[in-house]
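Listed in TrEMBL for this protein:
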REGION    1-26  region 'Disordered'
TRANSMEM  69-91  transmembrane segment
DOMAIN    71-359  domain 'Sugar phosphate transporter'
TRANSMEM  103-123  transmembrane segment
TRANSMEM  135-154  transmembrane segment
TRANSMEM  188-206  transmembrane segment
TRANSMEM  212-230  transmembrane segment
TRANSMEM  251-270  transmembrane segment
TRANSMEM  290-311  transmembrane segment
TRANSMEM  318-338  transmembrane segment
TRANSMEM  344-361  transmembrane segment
């Protein structure tokens, strides 16, 4: 006779000597089915949580990238605007008549800071060799001329007109690209360049503080800046071949340009007889003047660092567009801070020229996208 036992704790019917019944098998299958469904629900829940977690990580990364781009853009705009305004203040506000000495001091500060950062291992740079110096020397001569003519023009011309006249550099560069590199530009680019020429001419005609010497230096500066840009493209490939790593980063170019400019700058100080002026001027005995001079040197190097940072966080198109838009607050600040006498016609010409610069940047973007 088979005894029936009912175990209440688990509610399973057991028939005698551990004999498995169909009922028990059905119950076990039912319980395993419940466990399977529970595990499936847990897997689905884990998958949902994992997706949410990944979505949160991606969102945080996007916010971080946007913050980095915004911060680098602000740093670049602030340093580039401040550099021009501080230089204008030193040359016009203090009436400092030694632009070559100012350039020499700024470049010396850049060399010292880059060398310190390199020795600390914070940045990487190529070692200066005679082969690299010989290749880079023609570019450096143009670089020094570009800096000096910019100093000389800024002393006589207001900041707003300097920014408008610098647009002429784009015209010269575009023509140079067409003849030297056989590069053709579309109609939008040429239209923007034409607007730049019109704004520069109309701005000069309506400039109440027109200075022939300042305008002459600025025209020379436009040609030298365009020449530097065009020559740099040719020399860069050759320079990379004579470096140990086969590359030439921004820090190496900053150190190379500023180091080579020091002996050339010292020579030009004697050629232009700035030594006598430096001996007699009382400005060199004023601590506040040295403070502003040193600040201009730090700002000059800050432009190189922030432009690299901003370019890395965004791209060439955003970088060029922001650079064009940056001229608008710079021009307004230059007029307000230095109390520049202006007329409605001149203000309209300046604003027209700034818009032409933005239009040019947009046209170059579209041209690059189409190509």
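The backbone N, Cα and C atoms fix where each Cβ goes, and this holds for glycine too.
Caution: TrEMBL annotation is automatic and unverified by curators.
If you take every residue in the domain 'Sugar phosphate transporter' (71-359) and average the pLDDT, you get 88.
Looking at 69-91, 135-154, 251-270, 318-338, 344-361, the range that has the most CB pairs within less than 8 A of the transmembrane segment (290-311) turns out to be 69-91.
The transmembrane segment (318-338) makes contact with the transmembrane segment (69-91): 3 or more of their CB pairs lie within 8 A, with pairs spaced 6 or more apart in sequence.
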